[in-house]
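Here the structure is laid out as structure tokens; the discussion comes afterwards.
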Amino acid sequence: MSLPIEQYPELLAQKVDNLTALLAPFNPPPFDIFASETSHFRMRAEFRVWHQKNEQGENDLYHIMFDPTTKQRYRVDQLPIANQLINTMMQKLLTQIQGIPVLTHKLFQVDYLTTLSGEIAISLLYHKKLTDEWLAQAKLLKQRLSEPGLTVHIIGRASKQKIAIDCDYVKEKLNVAGKTLIYRQVENSFTQPNAKMNINMLEWAQKCTANSQDSDLLELYCGNGNFSIALAGNFRKVLATEICKSSVHSAQYNIAQNGIDNLQIIRMSAEEFTQAINGVRQFNRLQGIDLSAYQCNTIFVDPPRAGLDQATLNMVQNYPRILYISCNPATLADNLRQLTTTHRIERVALFDQFPYTHHIESGVWLIRK
């Protein structure tokens with residue numbers, strides 16, 4: 001499997017053209033363009049596992065993926081878009097579990113999650129119950145895969161069962177504008193897949209929101225606190241919402257690890273928060289939190305591909321400054337049709353989070369007219 005690296009500048013230019021065309025009706029300023037590394041940029045990968053008898057009658061294992069068009073499976077020995085640690089561990093893992101039936105029997109998927117700081121979580125997914133024998137062999141596997149300067153975590157998952165050898169997360173360290181930020185990233189939870197592009201996104205967001213220490217920030221869909229932790233130093237206080245329980249726990253850990261004392265996470269959806277802030281409903285989860293104490297002049301949104309729902313869009317429009325990170329330029333453009341009736345676009349960025357795909361990640365900074 002090879003990458004069309006020589007075509008990367010042209011492919012990126014096509015994305016710029018596509019985003020330019022979508023946003024043209026809103027008269028945006030020139031874009032800030034952030035190109036990706038051309039290989040080994042992806043920090044996580046998922047593979048199905050294929051079992052095949054060799055000539056000796058032994059069970060060989062391969063990583064496989066599926067062609068998105070034909071749906072045909074194909075063998076993957078190396079994945080150039082994945083970082084070097086994943087590629088190294090792909091070969092090492094299969095070698096180390098070969099011939100150990102309790103580790104290979106009914107193994108159907110392997111997930112890898114890595115960090116720039118030299119950690120990897122390997123999740124082994126099974127169509128069987130995990131036993132004490134599996135646990136004993138998984139502990140030995142962790143020892144064999146570990147080496148100086150490399151932290152390896154092994155997680156086993158089966159129906160209604162999850163066993164982590166030591167822990168089920170990696171600890172990432174990102175150098176953002178000269179400051180090291182620490183993030184716990186839990187396996188099987190969302191994290192930004194392109195770590196170096198994530199740094200670009202965080203630094204761009206910091207520049208947009210600079211000199212805001214006299215007001216507060218509201219963030220919807222905060223995940224593990226990726227943006228809110230990086231932006232906390234720019235504001236007096238930060239209030240952030242997240243619905244996923246494991247992400248909230250990670251965010252609380254990350255807040256403590258980074259010594260952030262002005263960031264409050266509440267577990268509720270954007271739709272629920274809209275109801276709360278408008279006084280439509282009261283929530284027990286907000287006991288002890290005085291929403292009126294926050295003077296949020298800036299709102300940060302990073303919605304799913306569907307974009308902002310109508311109620312949230314109406315609520316977002318009430319804030320003087322809007323920072324919008326989008327993973328779908330079509331729904332971004334749709335949302336901007338309403339937002340630009342009251343706000344002007346101050347800055348736009350294209351972050352090439354997913355090279356060699358049609359996917360466009362972008363950021364828009366809006367100021368009330």
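Each residue, glycine too, has its Cβ placed from N, Cα and C.
In Swiss-Prot, the S-adenosyl-L-methionine site is described by Gln192, Tyr221, Asn226, Asp302, and among Glu242, Glu272 the residue recorded at this site is Glu242.
Apart from Gln192, Tyr221, Asn226, Glu242, Asp302, the S-adenosyl-L-methionine site neighbourhood in this chain, defined by C-beta within 8 angstroms of the site C-beta centre, holds Phe190, Glu219, Cys222, Gly223, Asn224, Gly225, Phe227. Our reading of the S-adenosyl-L-methionine binding annotation (Gln192, Tyr221, Asn226, Glu242, Asp302) yields a largest Cα to Cα distance of 16 angstrom. Within 10 Å of the C-beta of Cys327 (active site, nucleophile) there are 18 other C-beta atoms, taking all protein chains into account. Comparing Glu242 (S-adenosyl-L-methionine binding site) with Glu361 (active site, proton acceptor), their Cα atoms are 21 Å apart once rounded.
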